[in-house]
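In what follows, a single structure is set out as structure tokens and then discussed.
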Amino acid sequence: MFTKILIDKMDKKASQQRQQHPQPSMSKSQSIYYPMRVTPHQEISATGTMGVGASNTARPASGTRISANAATTTTTTTTTTNTSHRNRSTRQLTRRVANPLHEDREEVLMNRYFNGRRDLISSGIHASVSSRHHQSVQQQQQHQQLVSRTTVDLSEKLAKINRRAAIKELTALQQKNMQASDKNEEALKELQESIPEISKIFDVHCRIGSGTFSTVLLGTLQRERSLVETQRRRFAIKHHNPTNHPERILRELECMFRIGGVDNVIGINCCIRYNDNVAFVMPYMTHDRFHDIYRQLSLQEVRDYLRNLLIALRHVHKFNVIHRDVKPSNILYNRRTGKFLLCDFGLAQRIAEDGTVMQSNELSSNAVSALMKDMEKSRSAGGLQDGNSAQAEAEDYMANRRVRALGGGVTSPAVDPMANMQKLREQITAHLSKKDIAAQKADTLRLVNRLRLTSPNVDPNGYVINTNNTKKDMHASRAGTPGYRPPEVLLRYPHQTTAVDVWAAGVIMLSMLSALHPFFKAPNDCAALSEIINLFGDVTVRKTAFMLDRLIMLSQKVAALDLRRVCMRFRYSDFFLAPELHRRYRRADGSTELCRNCEQPTFNCLCRHSAHHLEMYDGLDIFPANAYDLLARLLEVNPQKRISAEEALKHPFFSDHHRITSGMPVISPHILQHQHQLRAREPLPSGANAPRTLKPYVSFPSELATASATSATVTASTTTTGGASLTGESGVAGPLAVATPSPTVANV
Ligand SMILES: Nc1ncnc2c1ncn2[C@@H]1O[C@H](COP(=O)(O)OP(=O)(O)OP(=O)(O)O)[C@@H](O)[C@H]1O
């Protein structure tokens, strides 16, 4: 009965629809039989209900019958095969039949259906199935349309963002290139205008570097124009800024001329002056930027780099000259050929007879004229012999490869000894969650902050005072680059020696071993001293200050860190921070116990005299224990005890051709596997006379022999003078301008 009413209503509506959208090819009674397999009850009546026709009985059919009232359809294939949907519709209808209250609701739905269908028809899609079914189909379609529209919208937006980012990047790159080419043009023009003579001798090609005091350009000789490009000798033309003090230029010239040209120290081919403009012509050397390579250098490369640096320093120091600006950007190092040159003597100083460093204005006019005469003599003797052609460089490379093939020389970066390590790293980091990564970052940041912390209350200009009233406070040179200045410079000690350069070499080695560059990054000398205290402890620095008649006042004690563990913590941070390891040491409440001094988890404690149970990570480090011993000697806080370049060259680190790694607890099977790989790579020499590792050098501590993680910095604090008695309470004489360059971290 209710069904009848419903059907009538729907018929009425349908006929209205038909009037609005007449279907010319079908009469009211027309039916279409589709030759498709259907199941019983699959007949679809004109009213859109299924299996409930006028008779409301199930009729087996060999095809899908669609009455003309439902209009023609092309969508039945999907709807008729969707049996679950159909059953649901049937059930719903049955329910509605049983419950008259559904009628009104049904009517609303029907209206919606027909309105929707009208829309569909007008848009070219013909509806043909039951209203409920159609409604859901329609909803599905709408949903799909919406989803696809949203997807299209999103991907369009994404594409737009990408396009915009790419354009931005490209513009920035173009701007950078333009700026670079502008700078290039500018530098070329400036050189040619200020020293016209240059353009008569050289073809100046481009700018290759610039510093605070000069611009360096690449030039080739005009008289070699007829040669193939690769055979032309190349020269670096260092054009000094006209604001440079003439004394400074003269000093650099003297060093390069008298000291340079041998033992990895850059020489000079000629010097051209025109009014107040000066240019040095030096052999050009292609080199790698330290920043690009310091993390990938193998043990052998580190060894070669440091040996070359120490050879250069030994040579410079023989002349009683302090280079004062030893830092990676003043070292030209070619990783392919293994060639090495120490350059930039702009800050070099000679040590006077009385031990003080000579100021530039102390160079006598006699010395200057002697220098000029000597230079002139050498020019007429030959001149411009040392240019370095691309072909010569390629030959060097080939020769180097041959030497390597015979088992010597520098290792090829192509044979990457750290490939296994990289693989292992990838395995470890592959499964890290965002939370793990965030925790790791926080941990490393805490350590960096711990190393770089300076008390905010400290007076950066008055953090150190002279304790010796009787002596006149002499001028102490501060020349050098921040981050590479040694404690004696930061303590304003006037009697500086060549040990200044050795410290800087130690800082470079520290960056290599820790894979952290720059390692020291203080904005001023006071903060720089704090960084040193944070690493070497307050006692060591206070003792040194006392030795140098200096007083520093610290608000807190700071325990020294273990150099090897610090380096390893940065270099192998993925292993130190492996989540599985941290989970193992986690307390019941989920927290991790931290060392109060170094602020690292206790099992990763970096303190030199740690009382905690430590995870050892042995077998992981590519650097042997004696590398850290040398590092500690180069970075000896007390300049009087610091190793010299000559002594350093005799250190076992440079004669050690293999290393022994002791078996230690490991954190995971990955590391075990890696240890195995490492050992496989480093076979012990078989001959009876083969050199053994760890030959005693000066006096080796027993710890070194066991390759334990305890510090190699054994000689760092052997002074018996009580450092603690110097902290002000002891009544040290002198104008106590109290200062506290202290790292305020430690709660020892
Ligand atoms: N002989 C050379 N061959 C190739 N490149 C060189 C040569 N000499 C210098 N350079 C490049 O020029 C850069 C600047 O040179 P240099 O350090 O002598 O100038 P500077 O003005 O004294 O620099 P800074 O202010 O950094 O001490 C070097 O870092 C290096 O990249």
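Placed from the backbone N, Cα and C atoms, the Cβ positions cover glycine too.
Among the ranges 67-87, 130-150, the stretch that TrEMBL annotates as region 'Disordered' is 67-87.
Within the set 163-190, 387-414, 415-442, the record from TrEMBL flags 163-190 under the feature coiled coil. Using a 10 Å Cβ-Cβ cutoff, K238 (ATP binding site) registers 28 neighbours.
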